[in-house]
Amino acid sequence: MAAPRFLPSNLLQRRQLVLLTVWSISKALGLILLAFALGTWIASLAGSGAPAGPRLLWLALAGALLRAAGGWGLNVSSRRMGLGAKERMREQLVASTAAVSTIVPVASKKFSVPVTATLAAHGIDKLDDYFTKFIPAMVSALVLPPLLGIYVLTVDLTSAIVLLITIPLVPLFMALIGMHTQEKIRESQAGLDALAHQLYELALGLPALLGLGRARAQGTAIARLGRRYRKATMENLKTVFLSSFWLELISTLSVAVVAVFIGLRLVGGHMDLAAGLIVLILAPEVFGTLREVGSAYHAADDGLAAYQRYEQMVGQNPEPAISVQRLPLDAGNRQPILELEDFSFRYGTEAPLYRNYTLRLEPGQRLLLDGASGTGKSTLLKAIAEGASANALDAEQTSGQLRLRGGFALISQHPEFSQDTGVRQLALDAPQASAEQIQRLAHELGLHTMLQRPIAEYSPGELRRLEVLRALLRIHSEPGTRLLLADEPTAHLDARNAAAVRRLLGELPAGCAVLVASHDPLLGARQVPGTAPTATTAPVDEDEPAALPQAPRPPRGQQASGFTPVRDLLTRYTGARKAVLLGVLSVLFAVALSAVSGWLIVKASYMPPVLHLMVAIVSVRALGIGRAALRYLEQLAIHDAVLGYAAELREKIWNAMVAKPASWGVVSRSPVVLRFFLAEVDELRDLLARVVFPPLQALIVWLLGTVVLFLIQPAFGYAGLGALLLMLIVIVPLIRRIEGHSTTEQLEHRLQVNERVLAILRNRASLRANDSLGELLARLRRTERENTRKASWHALGQGVGANLMTLTGAVLATACVALSEVTPELTAVAALLALALSEPAAACVASIQQARALAELRQTLADRGVSSAPQQQLPEPEEDFGPVTGFELHEVALGYREGEPVLQGLSARIAPGDWTALTGPSGSGKSTLLTALLGVLPPLSGQIHAIDTAGQLSPLTAQALDSVAWCPQEAHLFDSTLARNLALGVEGPMPPESQMLQVLQAVGLGSWYAQHPQGLETRIGSGGHSLSGGQRCRLAVARALLADKQVVLLDEPTAHLGQDEGQALIDQLRAALAGRTVVLITHDAQLAGECDHRIDLSQRARHGLTV
């Protein structure tokens, strides 16, 4: 289905359409006055040789001013044309998709979070080209050619007929070529969607990739995907630029035909010189206006395609699958809080988890769901929360009736947070909570020192406690919230913090109903407040170490010199240097075409033999063809170079993140992933294409043009040099002052919108459950309105620079005629050359406007550690050192910032072939130690030695990545097949099916696998959303087993399993990992006691004890 060519009229501001028409008329009148004055003036010099009177001078200046004012007005009106339309569309798209359920959504409403976020931020912004280019170009095309044509008709009938015959060729070719570009645009968009989706998935799964030693390899995969996107985009651009080439060629040859026709008529004495010059000056404007429509026609394609996808996504919502009634609270607490009737649920074609299930919760009642992993406990809680807050659930997969009195609070098994710090998150989700309530409950949960810290730095246990804190604050501060849905509230917690959570769940307000899904047997009985054992409820030490301190940020500007994208582009990409040369030649051909045409016409007015004019006639045709061809090749070279650079930069940014453990949480948890890897790189790519090349071309061509003017007459050269200095000293700084800051603000706004939209869509379930979605949408709306207000004022400055450049060229042309002491034909050459020089000067204005934005973005990336230095290769392991089988640590201090260790003074031995338990409270540095054992976090002090199969010691370096597998607490499952998820840690070809089935059996997933008819080709979905927490954990462990590493690091593999299931999994792992070295992080004292050794990090001195 082809994208629409025009948007609904209600998206346009009709007042601006009227203004566009008025400004187009102003520009046309200015062109007519300028053409009449210059043509008549030069003709008088050729006739009598006498200089013209001041009337023509004033007419020329008035025409130049009117033309410049018309151009400025067109720019301002077009900038204001779509203000508010994009913002309304974005808000509607985000609100519509954020309301879609995260479980079993109806097929017509399913969407990819990163793809939709990219559409909402990047795609809708592409409509700028529709509003600022296509609409004004269409209005100008409807106004300028008729007005100029009517004037030409009054000057010379024959020339008007020639224009009338050649003008229709431009829209004809434009329509024919446009039909061919639609499919290429869809292919390019598909490439961008695939890039966004894969980058998002890789970022979420960064810990899992690191644990399997595949993170670096994914950098290569990102580069490979970037190359595919580059190829698809270049195929699209070849078609688009070929379209522009033909339009340029047709327009240029049409002007050349007009010029030659005028020349021949002058030779035959059938035309007046003044009329010929007037037509020659106006003809390029007529065809140029139509050419701009063609260029804008294709420039708007991406935006119009985005609008088509937007319309599809914001269509009507289906009928609700679950009938929901939200009722007010009963004042006497006599009515049930929650009623669920005839509830049925299944995932896809799987067997139903629930069939005609009924649930009723009375005020104050607590119900514990403690079935085995995979029996649907989490699904039931999700269905209740989603049914009460979302829409678009699939009626073929779920149905029932839900009645809920009052609001509810949710403790999710997989916490989601949209804000950067705990304080801001609580302010968003529990706005009525008092400071005293927050401080008291935070202290109870050991979070009072953490709330000001970035959430990206929290350990999984701290994330769990923050989730519990948020839910408790909503229950205690909002009188209407009387239902708590709690999914594994004590998972990932040590005994002390788990006891605190149990106690606080027993202190809920009277009448609050609780539905808990948990394997914790101590949550089964209702606890009496204050009866918990003292030993398990001791207050948390205020000096307890934090989880992941933020990586040190260098002072602004300190690393800027290490990242030089402009120099990198020009020195390392041949296409970039070729583009500069081709661009200069293209502009020179355009300038020469105008100059030779002027010489031809004036010379022809003396009626010489036609043979004397043949060289000029052939040159006009050659220059016209050459200009179009060179422009086509230049555009291809520019975009090929910047797309290649962007692909390389994405790989470099990914590898830089992999090498910085402190950044892992930022990448995998926060909503900056698309900003870091997609939006900022694309903005830098576009800025490089716009900023680097036009100024170089304009400066070179203007200098060469000044030399030519000087050779014609020194006064012309001095005038040209003066005009150049005026532009460099006055106009360029003025442009930077007026428009540079606003361009930078617009860039930052686009990047912030990208981040905010992803934060909303990624965390939409949590936002709905906590009644925070409306607030974030309101914040987005306020931000957009403020930006719209600024953009409306900034639009007044838009176009000032380009029209000052155009005005300078027109004044220079007038000055050449006024100062002329040479022959009329050389005067015509100088005047038309001066007019042509204004085109590249005006083209580089956009570069000047955006140079500051490029500098700011470069600085941002440099501060984040991006460098122009070649990527470092991992050091090769020593030849005589075998696979790692164990570790020795001596007085080790670990941390992410010099002088701020997370743990210190740790001495321990992790014996080859044994199981070693790693214990300690949440935040004590257990995950930090595993990061060091992976070989990616060097010790702040002390030494870590690797032990090989022969018992030799060697300093731990990157060779550990080849021998160690890490299964993190929240091991991400990728949006792919079961087979590909299992084989993630395997280098080389896909392992045989029998081997995959063996590891599934080893972790207790054999019966689950048997229920899926598609077998290993079963799609898991992003994050494994259709799997229970225990099943996800088992599958992640199976993935680590299949990687076949000698050392396996297991981070709480039983956190989402019952006691019996957890013990069974450990027994299965002992059999599967016989002879291998295992480091087990656990809060389960029984499991720790079954290990061969134990390293306890709970002591203040943190000396490891080998037991």
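Residue positions begin at 1 at the first shown residue.
From the backbone N, Cα and C atoms, a Cβ is placed for every residue, glycine too.
Keep in mind that TrEMBL annotations are predicted by a computer and have not been checked by a curator.
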- With the ranges 273-290, 831-848 to choose from, which does TrEMBL describe as transmembrane segment? 273-290
- Task: May I ask for the residues of the chain that lie six or more residues beyond the transmembrane segment (134-154) and have a Cβ under 8 Å from a Cβ within it?
- Result: 12, 17, 20-21, 24-25, 27-29, 31-32, 74-75, 77-78, 81, 160, 163-164, 167, 278-279, 282, 285-286, 289-290, 292-293, 295-297, 299-300
- What stretch in 18-302, 338-561, 887-1107 has the biggest tally of Cβ pairs under 8 Å against the domain 'ABC transmembrane type-1' (579-853)? 18-302
- Same-chain Cβ contacts of the transmembrane segment (273-290) under 8 Å, 6 or more residues past its ends? 31-32, 34-36, 38-40, 42-44, 46-47, 137, 140-141, 144-145, 148-149, 151-152, 155-156, 159, 163, 166-167, 170-171, 247, 250-252, 254-255, 258-259, 262-263, 265-266, 594, 597-598, 601-602, 604-605, 828, 832, 835
